[in-house]
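*Asks:* My structure is below; once you've seen it, I'll send some questions.
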Amino acid sequence: MIAPQNDEETPLLQRPKQPTAKIPLPWDQFWILLLLEMPDFLSSRTLIPFIPQLIRDIGVTHGDESQVGHYAGILQSSYYAAHTLTIFHWSQLSDHIGRKPVILTALSAIVISMLSFGLSKTFFGLVVSRIVCGAFDASDSIVKSMLMDITDTTNMPKAYSYIPVSLMIGNTVGPLIGGSLSQPADRFPDIFGRSELLKTYPYLLPCSISAFFISIIWLVTYICLKESVSTTGKTSLWELIKKGFFGQSYSKPRQPSSNIIVDPGEGSPGKFQPKPLPLRALLTSKVLSVTASYTTMALFQTGFNSVLPVFYATPIELGGLSLDPPRIGTLLAASGVIHGIFQLLFYARLHDHFGAKAIFITGVSSGIPIVILFPVANALARAYGIGMAVWLCVAVQLTLKTSLLMCFPCIALFIRAAAPNRASLGTTNGIVMMAVAVGRIVGPASAASVFSYSLQEGHDAWSIYYFFIAIAFLAVGTALLLPRDLNVWEDSQ
């Protein structure tokens, strides 16, 4: 039975006491989850540096430089369109059949889609590759659910301070692979000049290397990862498919067994555990508040990520910086390193001192100066060329991006606190991630289209910046819906 919800008016002495002693992280499984945080970022960041040039090469723009951003946005949005249709079902399925089989399926899909992307010679083939990846890739959502399974409120902030190590590797290695190894026959003729395969498919090498690393992670996961939820007494997969996942919950009460990980906060092994709740029971005000905050933040973040490399690659006279793929890859890799080091060293301390809400609001607010630096950098490039002033703007913008990315560990804490019970954690996360996926469809497609529109003659060049600033203010507004103290939500579970 769910206890009545406490609000901020409830005297502190009347609330249940929260645990004060921090429980050590379960490193025997936590290191695998850190490894599993890499594939999503490694694969997507491998593609980012060469996508503008790839779109030019396949001729879909017919030489119209202003349309490159539009087609780049379609590519990114196609992934999230498929992701939106399936992420909730994968997440709910993980509550019933376990997290591990869903993760292994997602890793397999990433490997197949990366190889398909490298072998595609048409824009349609590129889109299909990203759709396949989006439809089956629930790894990010499920890994976060698994992380919530094996941690509690005392050690979860510490766990998230290590996550940037994985993200830093993915965000650093991915752009370096994509930026350095694209078109290898032209760039390294002494090594790859005789390969007809790489001449025909100039982007296959970076995609193959990324797929190889993800295949190794699949093997490690299959051998070493333990299941974090019990599937004993659960409804069969076929029954779940027939019932469509909606309506009543068909699972029996869970009893932890020796072959799964038991969260210290879940009580003793002898107790019966709660069962997953139906969808309607999960649509609480807490879940909807988190969903709104995460979606608007993701709308801005993904839109910014899709426009950033296109802005770098766009000619200066059209509003960009005229950078080539190797420089773009190096800049994005450096940004990943900065973010990873900063969060590893400071996130847990900042969380203990200021709390998750303050960090989250600061992060989404940083979107405003990030946007302003776009026209400033271009104006300086027009006036003085690519010099020290432009590089300073780029450095400041990428540094502010670190503050924006600090929102992700904060929102994970709110999702965990908002879940009505621990057995429905995966489904709750799926609801949030489904809405976020919608934001990630709209963000890249709309931002890239507005950016292309602003480049066309006779249109307002500042349209893209007005668009981004409006989203940033919306994200700040929805962030105010979150509680200042996570205990307000935790106590009501």
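The backbone N, Cα and C atoms fix where each Cβ goes, and this holds for glycine too.
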*Asks:* Can you check which of 67-89, 136-158, 159-181 TrEMBL lists as transmembrane segment?
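*Replies:* Feature transmembrane segment in TrEMBL: residues 159-181.
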*Asks:* Using Cβ distances below 8 Å and needing 3 or more such pairs, separated by at least 6 in sequence, tell me whether the transmembrane segment (389-419) contacts the transmembrane segment (287-308).
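*Replies:* Yes; at least 3 Cβ pairs under 8 Å.
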*Asks:* If you count every Cβ pair below 8 Å, which range out of 102-120, 159-181, 287-308, 358-377, 463-482 shares the most with the transmembrane segment (431-451)?
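*Replies:* Of the candidates 102-120, 159-181, 287-308, 358-377, 463-482, 287-308 scores highest.
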*Asks:* Near the transmembrane segment (102-120), which same-chain residues lie under 8 Å Cβ to Cβ, leaving out any that are not at least 6 residues past its ends?
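*Replies:* Apart from its flanks, the transmembrane segment (102-120) reaches 36, 39-40, 43, 46-47, 90, 93-94, 126, 128-130, 132-133, 135-139, 142-143, 146, 201, 203-208, 210-211, 214-215, 217-218, 221-222, 225.
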